[in-house]
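Lifted from Swiss-Prot, the feature list:
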type    : residues                                                       : note
DOMAIN  : 5-59                                                           : domain 'ClpX-type ZB'
BINDING : Cys18, Cys21, Cys40, Cys43                                     : Zn(2+) binding site
BINDING : Pro125, Thr126, Gly127, Ser128, Gly129, Lys130, Thr131, Leu132 : ATP binding site
Amino acid sequence: MSDDNFSRGDHSDRLLYCSFCGKSQDEVKKLIAGPSVYICNECVDLCNNIITQELSQISEDGESSDELPTPAKLSAALDDYVIGQDKAKRVLAVAVYNHYKRLRHQGKTDTSIELGKSNILLIGPTGSGKTLLAQTLARVLDVPFTIADATTLTEAGYVGEDVENIIQKLLQNCDYDVEKAQRGIVYIDEIDKISRKSDNPSITRDVSGEGVQQALLKLIEGTVASVPPQGGRKHPQQEFLQVDTSNILFICGGAFAGLERVISDRTEKSSIGFSATVKSKEEGRSFSEAVHRVETEDLVKFGLIPEFVGRLPVVATLSELDEEALMTILSQPKNALVKQYQHLFELEGVELEFTPESLREAAKLALERKTGARGLRSILESALLDCMYELPTRNDVVKVVMDATSIRGETAPLMVLEKEELAKNA
């Protein structure tokens with residue numbers, strides 16, 4: 001049948017009807033044909049109106065405007081994965097909520113008031129949960145996320161990574177969708193390692209310290225970065241992608257070892273004379289106690305340039321994890337290490353049991369090694385290595401029990417054989 005039969009006023013062979021509303025071609029202005037299906041112009045207009053209404057309820061970043069989690073919900077989501085650090089969670093939750101609330105209402109509020117961006121600085125010892133906090137926030141908000149290592153960055157023109165590479169990694173993680181990338185989260189780790197070597201500006205060029213801080217300034221504050229397209233050098237004829245970093249949330253984290261001494265020098269200046277208080281090194285404040293009193297001048301004294309500190313107005317401090325916290329980390333969070341290894345053993349058809357003493361011993365070892373929660377995996381991996389080597393070739397083991405001595409490596413884990421289990425239950 002020719003297209004002529006679908007136009008209004010054509011009374012040739014037979015009368016055609018809209019498959020959706022049932023009106024004939026004489027009752028509408030236009031009838032559009034598909035494979036054995038027809039739709040009139042009125043139904044097309046109705047469909048367009050429905051789509052327009054639905055799109056108006058969707059915010060620019062693809063989420064419903066009422067789906068932005070409140071600070072309380074964000075903090076609760078962090079509780080599922082990160083143990084302790086309640087103050088840091090609260091600071092992060094409020095900062096992230098305000099950041100994305102600002103993005104959702106851009107252009108909708110009083111144009112005379114421009115809301116600034118508040119990037120975040122996380123200060124805490126190794127293994128205290130800095131990276132995990134940032135990762136969890138990105139997962140909860142369903143936004144692109146990338147981690148950059150500040151120690152690999154150098155000024156443009158020197159051997160090492162340029163700061164623009166950070167944005168390229170973010171683009172890669174969202175399939176080069178520029179709009180999505182411009183609302184993502186970037187976590188820059190080891191930010192304390194790019195502190196300048198002394199308080200006074202150096203005559204020689206510091207390309208991996210102060211130079212990197214200078215290069216990061218514009219990126220963090222907001223600039224348009226030129227990033228090679230997908231394929232990079234393979235397609236040099238393609239134009240560079242322009243990414244506006246004004247709405248990207250930057251979270252910088254570092255251990256800042258030695259910062260407690262800088263803070264103590266400021267807060268506990270010894271008096272002179274007979275009233276002077278003599279303190280031994282042992283009496284000095286611990287990192288966790290001192291770091292909560294950190295001020296901008298302490299970070300500048302440590303080696304961050306004032307302009308860089310000014311771009312990170314929100315500071316969240318994390319405490320050192322104690323033995324009880326490490327034990328909880330092993331077993332309580334949704335992705336706890338104990339649960340991960342138990343699932344791994346389940347895939348072999350074997351039950352894995354950890355005694356309370358074994359968890360305490362693993363926590364003690366992590367404290368001794370000063371590796372925090374990050375060191376727990378290597379401790380369990382080492383203790384379970386022989387079991388994971390043997391089990392795939394054995395079908396007589398039904399259960400493995402870990403105690404304190406097996407965690408220390410003094411004895412092998414207890415393997416319960418199938419016949420022993422049957423005899424016990426008989």
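Just so you know, glycine gets a Cβ as well, placed from its N, Cα and C.
The distance from the Cα of Cys21 (Zn(2+) binding site) to the Cα of Leu132 (ATP binding site) comes to 54 Å.
Shown in sequence order, Ser19, Phe20, Gly22, Lys23, Val28, Leu31, Tyr38, Ile39, Asn41, Glu42, Val44 are the same-chain residues outside Cys18, Cys21, Cys40, Cys43 whose Cβ sits within 8 Å of the Cβ centre of the Zn(2+) site. Close to Cys18 (Zn(2+) binding site) in the fold, though at least 6 residues off in sequence, lie Ser24, Val28, Leu31, Tyr38, Ile39, Cys40, Glu42, Cys43, each with a CB less than 8 Å from its CB. When the binding-site residues Cys21, Cys40, Cys43 are scored by other C-beta atoms within 10 Å, Cys40 scores highest. Ser128 (ATP binding site) has a Cβ environment of 28 other Cβ atoms inside 10 Å. Cβ neighbours of Leu132 (ATP binding site) (same chain, under 8 Å, six or more residues apart in sequence): Tyr81, Val82.
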